[in-house]
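Colleague: Input: one structure, supplied below.
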Amino acid sequence: MKRTFQPKNRQRKREHGFRARMASAGGRKVLANRRKKGRKSISA
């Protein structure tokens, strides 16, 4: 059985990146919550 995590930078950015988060209301909420919590990094 192959491992489930096969890292790809393009896929990572497209699915979890800042612009992907900003594209939907839910994603913007995620960023707001991470900013409020004081996360060092707010998106991939």
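Every residue gets a Cβ built from N, Cα and C, even glycine.
Sharing the features that Swiss-Prot gives for it:
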- 1-16: compositional bias 'Basic residues' (COMPBIAS)
- 31-44: compositional bias 'Basic residues' (COMPBIAS)
- 1-44: region 'Disordered' (REGION)
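How about a rundown of where these features are and what they're close to?
Modeller: Within its own chain, the region 'Disordered' (1-44) has no Cβ neighbours under 8 Å among residues six or more beyond its boundaries.
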Colleague: By DSSP, what is the split of the compositional bias 'Basic residues' (31-44) into helix, strand and coil residues?
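Modeller: Within the compositional bias 'Basic residues' (31-44) the tally stands at 7 helix, 0 strand, 7 coil.
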Colleague: For a three-state summary based on DSSP, what are the helix, strand and coil counts in the compositional bias 'Basic residues' (1-16)?
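Modeller: Counting residues by DSSP class gives 8 helix, 0 strand, 8 coil.
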